[in-house]
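Since the structure comes first, as structure tokens, the remarks are kept for the end.
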């Protein structure tokens with residue numbers, strides 16, 4: 001993420017400081033006006049003070065608006081820049097960077113975490129700097145009136161502005177970790193229901209998924225509320241410091257006012273006491289600022305693991321791979337956080353291999369590992385004897401193409417969707433490949449053929465048509481190794497048999513007649 005420059009904070013801090021200085025000055029002038037009016041002087045003696053009260057009241061509102069406008073402009077611009085930087089980094093990084101993360105975790109990192117880092121400007125940095133400046137100003141003005149009162153005010157501001165936020169940050173840190181974990185779990189559960197409701201309904205597991213989402217929502221609510229005691233403690237400590245300071249300053253003022261050797265006026269007494277009350281307006285936001293800073297620190301750490309450019313992503317050496325590579329897995333243990341299976345595969349160029357297993361047994365994880373998108377837990381995957389982890393990512397992706405079960409179809413033309421796999425493929429090759437997968441009649445019936453826009457993306461096609469179009473996209477690539485995740489999903493018996501025969505044929509349609517195929521599927 002881009003660094004925040006000092007000059008970016010200058011405007012918001014200046015506006016916020018002027019807001020609170022206007023408030024402090026308004027308190028001072030009002031206190032003087034009240035106590036002076038009690039003495040019933042000529043009205044003209046109060047004219048300047050009355051006008052100043054009006055002007056300061058208006059200026060406080062104007063500066064507050066400017067403060068909010070400037071600080072939110074900086075925060076929103078930073079959030080936008082952070083998202084752009086994150087997506088650019090992820091787009092340039094190997095797919096293995098995100099393959100180990102669930103969709104829910106990615107969503108929370110790219111939304112909630114970026115928002116938390118940006119919010120620290122409005123909720124933490126600006127309030128803290130404004131409180132520092134106005135606190136020093138309040139202490140300085142109080143010292144002009146009474147040094148003992150200034151010392152009492154300094155102690156109170158240190159408790160409210162340092163001790164209370166520190167206590168909140170210390171208590172909230174652990175609760176924030178639990179809240180972040182609960183937020184990721186909730187996002188994952190909701191995404192599962194929203195993106196897979198149809199499949200869940202067919203399998204009869206939709207009620208269980210909805211129950212999981214409800215449990216995750218309740219867990220998030222509980223985790224978010226876990227920090228409430230710390231917030232209450234911080235707010236209470238701040239209020240206590242304010243009240244104790246006002247009492248202390250009042251005691252100092254009484255002693256000074258009644259001292260026979262002093263000649264303090266009622267205006268001195270009123271200004272001193274009310275100034276101490278107004279000085280704590282800035283510190284009232286600091287416990288919340290400490291909580292926001294703690295949340296932003298955790299979010300920044302999580303984002304750093306996602307978007308760090310690190311040298312670990314780079315290949316260890318320049319390892320060229322043959323155009324017809326030999327794919328081999330030796331003692332391969334695969335999984336994300338636990339071992340899902342162990343296999344040995346020896347697939348010379350042109351081999352067709354099918355893995356048939358029920359859901360939840362790690363079929364997709366196996367393909368991700370073979371594609372070099374997930375690191376193996378044990379063993380290794382090689383192309384022509386070269387570990388896939390040592391192959392340049394671009395070269396690896398040209399040699400090994402992976403078709404995920406949820407591959408995306410864009411809301412653009414049929415031609416553009418096919419060109420994702422082969423940007424230079426001519427229309428004739430696209431049409432012949434569509435004919436081979438059983439979509440030629442469908443594309444011929446479209447109003448503009450290959451130029452027809454799929455306005456709703458994947459929703460423009462049936463489930464079977466979508467799988468056929470995605471298979472055609474894969475066959476148009478020049479990759480000699482294809483890893484296909486459930487290519488027969490959503491097809492009827494006849495359609496499945498048709499594509500099975502196609503993929504078992506000696507010569508495949510598309511850009512390359514001879515390829516290595518690894519297919520994973522459910523049992524029939």
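Cβ from N, Cα, C; glycine included.
Curation does not apply to TrEMBL; its annotations are automatic.
Residues annotated as domain 'ABC transmembrane type-1' in TrEMBL: 13-295.
Here TrEMBL flags 321-522 as domain 'ABC transporter'.
Residues or ranges marked as transmembrane segment by TrEMBL: 12-34 (among others).
Here TrEMBL flags 46-63 (among others) as transmembrane segment.
The transmembrane segment feature in TrEMBL is assigned to 125-144 (among others).
Summarising the annotation, TrEMBL assigns transmembrane segment to 150-169 (among others).
Residues 142, 146, 148-149, 152-153, 155-157, 159-160, 163-164, 167, 264, 268-269, 272-273, 276-277, 280, 283-284, 286-287 of the same chain lie 6 or more positions beyond the ends of the transmembrane segment (237-257) yet place their CB under 8 Å from a CB of it. Under the heading transmembrane segment, TrEMBL lists 237-257 (among others).
Look at TrEMBL and you will find 269-290 (among others) tagged as transmembrane segment. Within the same chain, residues 20, 23-24, 27-28, 30-32, 34-35, 123-124, 127-128, 130-131, 134-135, 138-139, 141-142, 145-146, 149, 152-153, 156-157, 160-161, 164-166, 168-169, 172, 231, 234-235, 237-238, 241-242, 245-246, 249-250, 252-253, 257 sit at least 6 positions outside the transmembrane segment (269-290) and bring their C-beta atoms closer than 8 Å to a C-beta of that stretch.
The list of residues near the transmembrane segment (150-169) in space but at least 6 beyond its ends in sequence, with Cβ under 8 angstroms from a Cβ of it, reads 131-132, 135, 138-140, 142-143, 230-231, 233-235, 237-238, 240-242, 244-245, 248-249, 252, 276, 279-280, 282-284, 286-287, 289-291, 293-294.
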